[in-house]
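Trainee: Shown below is the structure under consideration.
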Amino acid sequence: TGFAVGLALALGSSAFIGGSFVLKKKGLLRLCRRGRARAGHGGHAYLREWLWWAGLLCMGVGEALNFAAYAFAPATLVTPLGALSVLVSAVLSSTFLNEQLNVHGKIGCVLSILGSTVMVIHAPQEEEVSSLESMAEKLKDPGFIVFAVCVLVSSLLLIFVAGPRYGQSNVLVYVLVCSAIGSLSVSCVKGLGIALKELFSGKPVLKEPLGWVLLVCLVICISIQINYLNKALDIFNTSVVTPVYYVLFTTAVMMCSTILFKEWQHMVLGNVIGSISGFLTIVSGIFLLHAFRDMPFTPNLLPLLLQPGRADLHPLWSSTDKHQPCQHQPLLPSEDKGSQSAEEEK
């Protein structure tokens, strides 16, 4: 029952979050056409744009569903299903934002879905955490403390050192901040889910300080994620930000869950190989979706061997120098070319 509920909630979360990227980008583009201060340059005019608020509402609904999914299922089961948000965002971006989705991108979306399915089948089991007391013990683990300190230090370096220098040219800067902080927010979500379960069972959870600390930390983490995700969306294409964010966020969450909840401690070798293979399949799909996004590659450009009877529509493939790469073509001026062709005719 927990698996089915967590799966349904995660699927709904992916649909809402994928749509929220497109709505936010649409609102940011409208502000850009009006000449308002852009979010990538420190402006906050998007707060007066209703499309951006609609995107934020969709993201809020998606995150709420994701919150509930983490309460019912392990993080390593819920997080890989976020690949579906990449598919939703890519399809909607090509429809409403006129962003290119070529054959490579479509194959990448399919690979992301297949990899997510493999990871769900081989999902590890986390250690049972049934109370805030056991959650507090896990948060005191030295391994998790070292991980949290590394995340905070690296995030500060990205924000104050790398951001001013490379934030406008490298998509990884702001997305890394969102992903690293997001791994901590997932831990807060798991703790708050346990607190809500205890609250509904009649325990005096409101008197426990840990629940309030987790709530404050979650609000801070989400605020940082929203701010730097807006910067990344304003500077780069949605089809770039979404897959890169997914890969980095999933990696960070898997590392955090492995350290905090010991999810991989009792796994058999087959499930370990399946989880790693599924994740690498997702990364391969994301790479296809990202690396070849600007190539105008369509099914009409497939080799003629795969499209018999359509040679007349592709003179490029039937040309005499079709096997000669562009960099090996002669670089003579037009006059020299004309004289050379005249001499050859003679």
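Cβ coordinates are placed from backbone N, Cα and C, and glycine is handled just like the others.
TrEMBL annotations: computationally assigned, not manually curated.
Sharing the features that TrEMBL gives for it:
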{"type": "REGION", "residues": "320-346", "note": "region 'Disordered'"}
{"type": "TRANSMEM", "residues": "50-70", "note": "transmembrane segment"}
{"type": "TRANSMEM", "residues": "77-97", "note": "transmembrane segment"}
{"type": "TRANSMEM", "residues": "144-165", "note": "transmembrane segment"}
{"type": "TRANSMEM", "residues": "171-189", "note": "transmembrane segment"}
{"type": "TRANSMEM", "residues": "210-228", "note": "transmembrane segment"}
{"type": "TRANSMEM", "residues": "240-261", "note": "transmembrane segment"}
{"type": "TRANSMEM", "residues": "268-292", "note": "transmembrane segment"}
Trainee: I need to check the long-range neighbours of the transmembrane segment (171-189): which residues 6 or more away from its ends have a CB within less than 8 Å of a CB in the stretch?
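Mentor: Result: 66-67, 70-71, 75, 79, 139, 148, 151, 154-155, 158-159, 162-163, 214-215, 217-218, 221-222, 224-225, 228-229, 231-232, 235-236, 240-241, 244-245, 248-249, 251-253, 255-257, 260.
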Trainee: Which stretch from 144-165, 210-228, 240-261, 268-292 shares the most C-beta pairs under 8 Å with the transmembrane segment (77-97)?
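Mentor: It is 240-261, which has the most Cβ pairs under 8 Å.
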Trainee: Are there at least 3 C-beta pairs under 8 angstroms linking the transmembrane segment (268-292) and the transmembrane segment (144-165), leaving out pairs fewer than 6 apart in sequence?
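Mentor: Stretch pair does not touch.
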